[in-house]
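> Sharing a structure below in structure tokens format, with a few things to ask.
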Amino acid sequence: MRRNQLPTPAFLLLFLLLPRDATTATAKPQYVVLVPSEVYSGVPEKACVSLNHVNETVMLSLTLEYAMQQTKLLTDQAVDKDSFYCSPFTISGSPLPYTFITVEIKGPTQRFIKKKSIQIIKAESPVFVQTDKPIYKPGQIVKFRVVSVDISFRPLNETFPVVYIETPKRNRIFQWQNIHLAGGLHQLSFPLSVEPALGIYKVVVQKDSGKKIEHSFEVKEYVLPKFEVIIKMQKTMAFLEEELPITACGVYTYGKPVPGLVTLRVCRKYSRYRSTCHNQNSMSICEEFSQQADDKGCFRQVVKTKVFQLRQKGHDMKIEVEAKIKEEGTGIELTGIGSCEIANALSKLKFTKVNTNYRPGLPFSGQVLLVDEKGKPIPNKNITSVVSPLGYLSIFTTDEHGLANISIDTSNFTAPFLRVVVTYKQNHVCYDNWWLDEFHTQADHSATLVFSPSQSYIQLELVFGTLACGQTQEIRIHYLLNEDIMKNEKDLTFYYLIKARGSIFNLGSHVLSLEQGNMKGVFSLPIQVEPGMAPEAQLLIYAILPNEELVADAQNFEIEKCFANKVNLSFPSAQSLPASDTHLKVKAAPLSLCALTAVDQSVLLLKPEAKLSPQSIYNLLPGKTVQGAFFGVPVYKDHENCISGEDITHNGIVYTPKHSLGDNDAHSIFQSVGINIFTNSKIHKPRFCQEFQHYPAMGGVAPQALAVAASGPGSSFRAMGVPMMGLDYSDEINQVVEVRETVRKYFPETWIWDLVPLDVSGDGELAVKVPDTITEWKASAFCLSGTTGLGLSSTISLQAFQPFFLELTLPYSVVRGEAFTLKATVLNYMSHCIQIRVDLEISPDFLAVPVGGHENSHCICGNERKTVSWAVTPKSLGEVNFTATAEALQSPELCGNKLTEVPALVHKDTVVKSVIVEPEGIEKEQTYNTLLCPQDTELQDNWSLELPPNVVEGSARATHSVLGDILGSAMQNLQNLLQMPYGCGEQNMVLFVPNIYVLNYLNETQQLTEAIKSKAINYLISGYQRQLNYQHSDGSYSTFGNHGGGNTPGNTWLTAFVLKAFAQAQSHIFIEKTHITNAFNWLSMKQKENGCFQQSGYLLNNAMKGGVDDEVTLSAYITIALLEMPLPVTHSAVRNALFCLETAWASISQSQESHVYTKALLAYAFALAGNKAKRSELLESLNKDAVKEEDSLHWQRPGDVQKVKALSFYQPRAPSAEVEMTAYVLLAYLTSESSRPTRDLSSSDLSTASKIVKWISKQQNSHGGFSSTQDTVVALQALSKYGAATFTRSQKEVLVTIESSGTFSKTFHVNSGNRLLLQEVRLPDLPGNYVTKGSGSGCVYLQTSLKYNILPVADGKAPFALQVNTLPLNFDKAGDHRTFQIRINVSYTGERPSSNMVIVDVKMVSGFIPMKPSVKKLQDQPNIQRTEVNTNHVLIYIEKLTNQTLGFSFAVEQDIPVKNLKPAPIKVYDYYETDEFTVEEYSAPFSDGSEQGNA
């Protein structure tokens, strides 16, 4: 090291200006009280006091003052003479964030009092939310945990007013209130609907203070990736490098390489900031490379960089790489991306830590790091430091880590600041707009002089790096003392305290002997590093000199983010077989509660999780500012008295005082660590009485300001007195044979989500079964202890793997008579060759012939695969299972020229998959329903099952079911009431509303079980979520929501329907109030002056237009909805609506026309309103319109209405609108007054109602629903009301026997214990004659369901004209991949001007799947509102059809090759008039080998 010395100025002027006692030792009593300048309310804090030269016991008091009030924190706390200790205190709270604290020390002869500002911070407890995984599919269950701890990470039994789930549209879809965290943790879950809004959801936890903690997760339709594409390349490269090596690898989730084609695309894109006038020069520069992956699944390419013009500006300063890997055999292609920054800064210097202040006579020190452009340390290089303004120059050499410790002797320094610039290489100063030059960054730092009137100092030697928990760190302290002041002293006491997490953590003292006259030297303090000090601690040390001067220093230490609760998680081994038993061991502090999680690595590949980590936990701690500065708050100053700034003449020389001293002092050091110091010692630098703006020596810039401005790259200006901390740039087996077989069918995404309490020894264990997925599982845990607090485990892995396994490839469904190739692929991941036998289990359900000859065994060497195929022709209908087994054999035979080894464990892998085998033609269903009510007599019903002449052979099947409850069938099928799609806002309500009626009915009849309740509640939750997809921003709802087009208005009818349903569902699930309020407000704006409601939006059901006019029918419906919410009759909206209806009824009653539909709604509306007279008038009028058949009663629309076609022995099925209007009449009979219970109905009304019920019950389908949505909803409401009115809890039972003319006989027992149980039997004789006998006492509901397929027959009177054509798009002769287009033309040819909403249901030809983008694109057409892909069907929703032809097309592609392809049907039907339908068939254009379209 070499140094250039410059003369230093004397302190003469300062000496003359200082008070006379600055150099005179005294022994006056000295008090120091230390309190954090920011304190937490409700959390214990400490006030520390040290006394010097106090020869008596004194009393310490702390008083908090705010708003003219005083609160005693410490009252007359006795403090022994010459002691140093801390006393705890707690501030319960303050209405103001800034208050004052007064310290008073008094004794027999002493009194000291001072006041200073402090800030009170409300200590919000750290809270975090953990979900079981970061991404979910529609219909999955979201599981999450809420955890609360205090600032010491101990569990907090906190109660949160509300926890809720928020959708991407900020709708609240689920809510829990008053959630109490026993032991600091609570687990919750909720189901996503099968059709939720996709995007980012939030779990929101709201605290009592109103603060919200949010945790996000994503809902997305996804397929878990089988493998990951990894790009290995350097993150940064120098712009002078000529080659860039890139490696792309494919790795399965279970760790094995992916065979396939690797394609690399390497680009340097042009900068968007560059002008576009350079034409071709502005284009991106790209190169492409392609090659088969090697045996490690990788492709390595060394890219020449010359083509990318790295020295030229105007392009992005990075190289971007995209790698695609197409898996061999499947064609599955996944992508990975990577990038490499281009750097012209070939070296970087940075201070990792450096003194912020300097003290003359003590070494100024710091540490610098030298790295190259990649962040790699540069060792054994000379670096130069220059200290200004003195010009000192020093040379240091970096070590093997690129670090150099800098130490500068400051013995002769007197400047108010110093600046240190460290340089490795000088830069060539030249700038070119289009050309890059080599650049080397410097490290630049400024430090400020610490003022001491006696030139006495203490300084903490810098400690570099992060301190590990549990270690003892020796801290070296340098000191320099004024000999004149200390000459009579035998020792000096140094006091130190440690501040962590904003509070005083620990304290101590060190007595330094001065008997040897050692006024300059070093001593050490051992500091024990504890978890409570993390993540950063401040060490403050000070001493009080005999001249009353206080000298001090402070330093920040980075502490390892550790926890007192050490958590260890382990599996017995790193690899296990699928479906094997294992256990997860956890060890932590005794009696901890541990939360365990294990997730499929595939999920994390899809969406990497922001998992719990020490960093994320520590980030939750409430923050205190280091300095505790109070901006804009009055602070009681305790500066020294000012000194004169006038010129002084000495020995004939005139001295001008230096103004605006930029030095730091002891006070600023305490302030830098957020400590308020109350003392009578000298802690301030001199202050001149006159403010003087100009500082001539520095050209008008104050030294401190210059120090800030001068800090350049690599420096950081931090709290005064605390050294700056920088960031690093760098980122043998027993041969006993055991046959082991695995049958794999359990494939979860989250495997473990459990709470495990630990025993007194701190051990716990969870026994689990490894799922069947061959993948890597990532497991982690956190534990909570009341004593040691929170602890986190590291993430551990378990590979679920077996040395070989089997994969089956087969289609979803085929038509009887078709043949397909079943492929079984065996993968061997052992290091040696083995003999494998692959068998397909024989079954009478199919015929399987091996393809390419039959071999007893197959040889598969390490990391190879073998595919075995069978040509399969199904023989049975329905779900046909295929069971394939691969077994490793003990065999001495050679595999080619390689020896086979006998596996240590001979494994069998069995995979079971199914194919649905469907009959030809289209499916038809007929039902026969009857209500049988024997009263201690035997009733008998003879009936027969017949089949139509065009039935497809073998397709017929029939069942007979018995239920003791009229709603029993619906209860069994709450989510499957209709065999129709549910893809719009109204259809979704049929999944939602019946659950309310079922819950209310079972509650009222005291039959509700937990199982039914749980199921219905979950359906309500799911339906609520889905319905919000159809909500508009104004609170209204429409059939397709915003999906129907940006300008689609809200639908008045649907909004009323949703409003009523949400209001009624509130008693069962959480419904956000604003959804009800906003819908009602929107609906209110649609009410006209006459009380009627105007229509908004398109009515998809024409039946609503069948009344006098749309307005009356609609108004009646909305009035019913408002009354059922329920709103009182006195409410203005209801009162006005009833006026509208009364006016309409007056008009209708004078009319000669029969408005049955409208009258049915009016009757129910007046019944709900309690208007007996109007109800009676309407029911009397309706009675004249009734259709009376034997013991049943119903209503139908005027005119000759065509019934739904049925076989002669079945009752004709009524159209949807007639079921709906009949159900409304039934509701009117069952509602005499809204306030009266249903059971108070007259016997006359009940008698009429029972006749209506008999007719309605006969219209039910086999799932408990009816034809369409509205008839199902209203009819189930009416049936539930009737069921409640007639329910009796009888101990009697009914016996039902069904017999055929052959030998078949089956008896059912129905009683109060099993009345909700569905009892069913398959009928053997088709066709056949049967008799049903009923005896006992009570009512039973009987249903016979017959299903069969028929071949489509052209009908000249079809209500829809349907034309289908197919055209090949890609005719692959090999048959590996074929695509074709389906072109559909459709129009309405029925009797109405237009249809209702229409569904086009396109079934896929076997082995083909739709190309989803082409299906989605159909929604761009004006009349097509929505499309769905549902297994092997494409559903297209059309708003309405007229006689104008609507044409559209989409593409399909081959998924699995199938031979002898059969045609597939396309069905077009009216959603609300399901008897109006047309069916056509189409064939794949490859079926006959031609390339022409056919249908």
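The backbone N, Cα and C atoms fix where each Cβ goes, glycine too.
Sharing the features that Swiss-Prot gives for it:
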type	residues	note
SIGNAL	1-24	signal peptide
DISULFID	C48-C86	disulfide bond
CARBOHYD	N55	N-linked glycosylation site
CARBOHYD	N157	N-linked glycosylation site
DISULFID	C249-C298	disulfide bond
DISULFID	C267-C286	disulfide bond
CARBOHYD	N382	N-linked glycosylation site
CARBOHYD	N405	N-linked glycosylation site
CARBOHYD	N412	N-linked glycosylation site
DISULFID	C469-C562	disulfide bond
CARBOHYD	N568	N-linked glycosylation site
DISULFID	C594-C783	disulfide bond
DISULFID	C642-C689	disulfide bond
REGION	686-744	region 'Bait region'
DISULFID	C833-C861	disulfide bond
DISULFID	C859-C895	disulfide bond
CARBOHYD	N881	N-linked glycosylation site
DISULFID	C933-C1339	disulfide bond
CARBOHYD	N942	N-linked glycosylation site
CARBOHYD	N1003	N-linked glycosylation site
DISULFID	C1092-C1140	disulfide bond
CARBOHYD	N1385	N-linked glycosylation site
CARBOHYD	N1443	N-linked glycosylation site
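Map the listed features onto the structure and describe their local environment.
Taking a C-beta cut-off of under 8 angstroms and a sequence separation of 6 or more, C86 (disulfide bond) has the following same-chain neighbours: K46, A47, C48, V49, L497, I504, L507.
Long-range neighbours of N55 (N-linked glycosylation site) (same chain, six or more residues apart, CB within less than 8 Å of its CB): P29, K81.
Using a 10 Å Cβ-Cβ cutoff, N157 (N-linked glycosylation site) registers 12 neighbours. Under DSSP, N157 (N-linked glycosylation site) is assigned to coil, being neither helix nor strand in the three-state scheme.
Packing around C298 (disulfide bond) is summarised by its Cβ count: 19 other Cβ atoms lie within 10 angstroms of its Cβ, all protein chains included.
Secondary structure from DSSP puts C267 (disulfide bond) in a beta strand. When Cβ atoms from all protein chains are considered, those within 10 Å of C267 (disulfide bond) total 19, not counting its own.
All chains included, 10 other C-beta atoms sit within 10 angstroms of the C-beta of N382 (N-linked glycosylation site). N382 (N-linked glycosylation site) falls within a strand segment according to DSSP.
Around the Cβ of N405 (N-linked glycosylation site), the number of neighbouring Cβ atoms within 10 Å comes to 15. Secondary structure from DSSP puts N405 (N-linked glycosylation site) in a beta strand.
In the three-state DSSP scheme, N412 (N-linked glycosylation site) falls into the coil class.
Using a 10 Å radius centred on the Cβ of C562 (disulfide bond) and all shown protein chains, the other Cβ atoms total 21.
Counting every protein chain shown, 16 other Cβ atoms lie within 10 Å of the Cβ of N568 (N-linked glycosylation site).
In the three-state DSSP classification, C594 (disulfide bond) falls within a strand. Within 10 Å of the C-beta atom of C594 (disulfide bond) sit 28 other C-beta atoms, taking all shown protein chains into account.
Cβ neighbour count for C689 (disulfide bond) (all protein chains, 10 Å cutoff from its Cβ): 10. In the three-state DSSP classification, C689 (disulfide bond) falls within coil.
Sequence-distant contacts (6 or more apart, same chain, Cβ under 8 Å) of C861 (disulfide bond) comprise N828, H832, C833, C895, G896, K898.
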> Near C1339 (disulfide bond), which residues of its own chain have a C-beta under 8 A away, given they sit six or more steps off in sequence?
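Once residues fewer than 6 apart are set aside, C1339 (disulfide bond) is near L931, L932, C933, G964, I966, V1294.
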> Give me the CA-CA distance between N881 (N-linked glycosylation site) and C689 (disulfide bond), in Å, as a whole number.
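Cα-Cα distance, N881 (N-linked glycosylation site) to C689 (disulfide bond): 98 Å.
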> Between N412 (N-linked glycosylation site) and N405 (N-linked glycosylation site), how far is it from one CA atom to the other, in Å?
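It is 21 Å, counting Cα to Cα.
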> By CA distance, which of the recorded positions (N382, C469, C562, C783) lies nearest to C267 (disulfide bond)?
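If we rank N382, C469, C562, C783 by Cα distance to C267 (disulfide bond), first place goes to N382.
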> If H, G and I count as helix, E and B as strand, and all else as coil, what does DSSP give for C1140 (disulfide bond)?
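In the DSSP reduction, C1140 (disulfide bond) maps to helix.
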> If I take the Cα of N1443 (N-linked glycosylation site) as reference, which of the recorded positions C249, N405, C469, C689, C783 has the closest Cα?
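The answer is C249.
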> Output, ordered by sequence, the same-chain residues six or more apart from C249 (disulfide bond) with a CB under 8 Å from its CB, or 'none'.
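Spatial neighbours, sequence-distant, of C249 (disulfide bond): V229, I230, K232, P257, V258, A293, K296, G297, C298, F299.
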> My understanding is the cutoff is Cβ-Cβ under 8 Å with a sequence separation of 6 or more in the same chain; which residues meet that for C783 (disulfide bond)?
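The list for C783 (disulfide bond) reads N565, V567, V586, A588, A589, S592, L593, C594, A595, L758, L790, G791, S793, given in order along the sequence.
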> Using C-alpha atoms, which one of the recorded positions C469, C642, N942 comes nearest to C859 (disulfide bond)?
C469
> In angstrom units, rounded to an integer, how far apart are the Cα atoms of N382 (N-linked glycosylation site) and N1385 (N-linked glycosylation site)?
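If we compare the Cα positions of N382 (N-linked glycosylation site) and N1385 (N-linked glycosylation site), the gap is 82 Å.
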> Where among the disulfide-bonded residues C48, C642, C833 do you find the Cβ with the fewest other Cβ atoms within 10 Å?
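With the disulfide-bonded residues C48, C642, C833, fewest surrounding Cβ atoms within 10 Å: C642.
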> Below 8 Å Cβ to Cβ and six or more residues apart, same chain only. Which residues does that give for N942 (N-linked glycosylation site)?
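Looking at Cβ-Cβ distances below 8 Å from N942 (N-linked glycosylation site), excluding near sequence neighbours, one finds N1329, Y1330, V1331.
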